[in-house]
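Student: Quick one: the structure is below, and I'll ask about it shortly.
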Amino acid sequence: MRFSSTIAVALATTFIEASALPRSGGACPAVWTQISQDLTQMFIQADGQCNDDARSAIRAVFHDCGTWSSSQGLTGGCDGSVFLSDVENARPENRGLQSISAKLKALASQRGVGVADMIAFAGAHGTLSCPLGPTTKTMIGRIDSSKPAPDENLLPGNASMSADTIISLFADKGFSAADVAALAGAHSSSKQFFVDPSRAGAPQDRTPGIWDVDYYSDTITKPADVFVFDSDIALSQDPRSGPAFKSFIGQQAAWNQAFVDTFARLMLLGVPQEGLVDCTSALPPPRDSFPGANTPSGASNLTSRRNYAFYKPVKQVA
């Protein structure tokens, strides 16, 4: 996609580079530490792996923030409308988010915080609720809106979308093809329920309760028990996104760093930067093990990753 120099200058004030993420405007309110404790109880199952609520919370960030377009400037995007607008919440692409919507709205009301901030914080918490998940810089101070996001196909709308369409959609949000490959890895913890209802609950990699890089190899090898989206296959094969996609195979730390860089930017699309507060410290620490790892299935999950023993949690985005 080509931009004129005039448009490029205008977008420079809207797109967020990883090196230019906002710095804290004050201390994080203590309520977010309480919310973090609430989410830990909500997102981690008995064996220590992340559950469907954690998966849905991660997905909700993409569906709230990802509706932003460069034409919107500092409006729309991460404004909570995916939960606050009944019109937007009922759109086909948001199927499956209704349960987490009800839970997170209730928690936001109980704790007296905004829904847009709750979505972002819960999404960042969701990745950490999965063993091996990284810490994403998480800012608080968004403005809620019940105005539905434009219904203009600004999200990857189906599992058969072409790589060209997906890459173009994200380019309009300020992301490169390599960024798209990193963000696609969120399917590491994903399960599908609607693309093929006969296989509802099928995971998109072999270890959906762990935040690992199995997704990247499984998308290419397509194990029988894994549900692989055609769109993910397309991203793995496209000459623009494919090299980065393949580079994450067996490279946990490299993917984690690439993911947090892009996810932090995604969580600020359409958000005015003034007055934001850094609440990263309220998130739980990363985990490189979990109780269920001592079971045969858990141990198998961990040892299946070639570089597991070399994993180290990535540093937080500065």
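Note: Cβ is positioned from N, Cα and C throughout, glycine not excepted.
Residues annotated as active site, proton acceptor in TrEMBL: His63. What TrEMBL records for Asp64, Gly77, Asp79, Ser81 is Ca(2+) 1 binding site. The annotation heme b binding site is assigned in TrEMBL to His187. Taken from TrEMBL, the feature Ca(2+) 2 binding site applies to Ser188, Asp205, Thr207, Asp212. Sequence annotations record features per position, and here TrEMBL assigns compositional bias 'Polar residues' to 292-301. Positions annotated as disulfide bond by TrEMBL: Cys50-Cys130. Marked as domain 'Plant heme peroxidase family profile' by TrEMBL: 54-188. The region 'Disordered' feature in TrEMBL is assigned to 282-301. The signal peptide feature in TrEMBL is assigned to 1-20. Look at TrEMBL and you will find Arg59 tagged as site 'Transition state stabilizer'.
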Student: To the nearest whole angstrom, what is the C-alpha distance linking Arg59 (site 'Transition state stabilizer') and the residue listed as 'heme b binding site'?
Tutor: 9
Student: State the Cα to Cα distance, in Å, between Ser81 (Ca(2+) 1 binding site) and Cys130 (disulfide bond), rounded to an integer.
Tutor: 26
Student: For Ser81 (Ca(2+) 1 binding site), which of the three DSSP-derived states applies: helix, strand, or coil?
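Tutor: DSSP assigns Ser81 (Ca(2+) 1 binding site) to helix.
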Student: Quick one: DSSP breakdown of the domain 'Plant heme peroxidase family profile' (54-188) into helix, strand and coil?
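Tutor: Grouping H, G, I as helix and E, B as strand yields 76 helix, 2 strand, 57 coil.
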Student: Helix, strand or coil for Cys50 (disulfide bond)? Use DSSP.
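Tutor: SS state of Cys50 (disulfide bond) = strand.
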Student: Same chain, not part of Asp64, Gly77, Asp79, Ser81: whose C-beta falls within 8 angstroms of the C-beta centre of the Ca(2+) 1 site? Give them in sequence order.
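Tutor: Along the chain, the qualifying residues are Cys65, Thr67, Trp68, Gly76, Cys78, Gly80, Val82, Ala116, Ser145, Ala149, Gly270.
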Student: Ten-angstrom check, please: count other Cβ atoms within 10 Å of the Cβ of Ser188 (Ca(2+) 2 binding site), all chains counted.
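Tutor: Ser188 (Ca(2+) 2 binding site): 30 neighbouring Cβ atoms within 10 Å.
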Student: I need the least crowded one of these binding-site residues (Asp64, Asp212), counting other C-beta atoms within 10 angstroms of each C-beta.
Tutor: Asp212
Student: Relative to the Cβ position of His63 (active site, proton acceptor), how many further Cβ atoms are located within 10 Å?
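Tutor: There are 22 of them.
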Student: Count the other Cβ atoms sitting within 10 Å of the Cβ of Asp205 (Ca(2+) 2 binding site), across every protein chain shown.
Tutor: 25
Student: Given the recorded positions Cys50, His63, Asp64, Asp79, which lie within 10 A of Asp212 (Ca(2+) 2 binding site) by CA-CA distance?
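Tutor: So the list reads none.
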Student: At the Cα level, what's the spacing in Å between Gly77 (Ca(2+) 1 binding site) and the residue listed as 'heme b binding site', rounded?
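Tutor: Given the Cα positions, Gly77 (Ca(2+) 1 binding site) is 21 Å from the residue listed as 'heme b binding site'.
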Student: Return the count of C-beta atoms lying within 10 angstroms of the C-beta of Arg59 (site 'Transition state stabilizer'), excluding that atom itself.
Tutor: 22
